Amino acid sequence: MLSPANGEQIHLVNYVEDYLDSIESLPFDLQRNVSLMREIDAKYQEILKELDDYYEKFKRETDGTQKRRVLHCIQRALIRSQELGDEKIQIVSQMVELVENRSRQVDSHVELFEAHQDISDGTGGSGKAGQDKSKSEAITQADKPNNKRSRRQRNNENRENASNNHDHDDITSGTPKEKKAKTSKKKKRSKAKAEREASPADLPIDPNEPTYCLCNQVSYGEMIGCDNDECPIEWFHFSCVGLNHKPKGKWYCPKCRGESEKTMDKALEKSKKERAYNR
């Protein structure tokens, strides 16, 4: 059995690991969205150059028919620029949702950590109340330096040793119990991490929050975006599409790629070509 002090250290270690799991991938996700916004900005600059050329051509043109054609080109360029602006707004909204979701996860971990602390404090208080007063008065002066030295040694131990250290009362528990406690702790931590990645059920869900993926659920955990501009879903959970990490190059969702892993569905490909031709 672990002492209250070591129990608090274990809960602290678990909290730090949960915290790192929640935020360690956040910079990469945000960087991907920022890169998409830069690509949109580059396309927008190209459209501005086209508009300048069309405007100069419109001023020089004297034929009415040619002027109408140039004016039509200007209108299409303006529509494309508006579409790019809408895409940027959508990306920013996704970034805000991503940060809010990770913030809720961190808040949930904080609540769990505080709950463990409250339980530990209550258990420690009951144990102190039940101690015999005569035993506390019978502690000799020679025992006190040993207790202080033990505390200093525990503070100097690394995170793994901190979870296995025992105080003077726990030495009689034996090596098998220490191994059992360590194995049980690892199993509980792995189970909790798997549950967090599998479902966001333990987090408060906003009823107005948009849904994504094939499962039609809110954004949580690791997600990947489909590189098909015509994709109706756009974002997918890693677990729902069988991914463990982000693949290199372009990635298309099961609905868009059809039977092939590297090509999009023929209907969507045709729609994309028609849209490019109309532009």
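The backbone N, Cα and C atoms fix where each Cβ goes, glycine too.
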Completion exercise
Among 46-63, 262-279, Swiss-Prot lists region 'PBR' at 262-279
Fill in the blank from the handout: Y212 (site 'Histone H3K4me3 binding') to D227 (site 'Histone H3K4me3 binding'), Cα to Cα, whole Å, comes out at 15
Problem - Three-state secondary structure, D227 (site 'Histone H3K4me3 binding') (per DSSP) - result: coil
Completion exercise
Cβ atoms other than its own within 10 Å of the Cβ of Y212 (site 'Histone H3K4me3 binding'), all chains, total 21
Exercise for the section: Using all protein chains in view, find how many other C-beta atoms are within 10 Å of the C-beta of M223 (site 'Histone H3K4me3 binding'). Expected result: 22
Fill in the blank from the handout: One should report the C-alpha separation between W235 (site 'Histone H3K4me3 binding') and M223 (site 'Histone H3K4me3 binding'), rounded to whole angstrom, as 6
Exercise for the section: Using DSSP, break the zinc finger (210-259) down into helix, strand and coil residues and give each count. Expected result: 7 helix, 10 strand, 33 coil
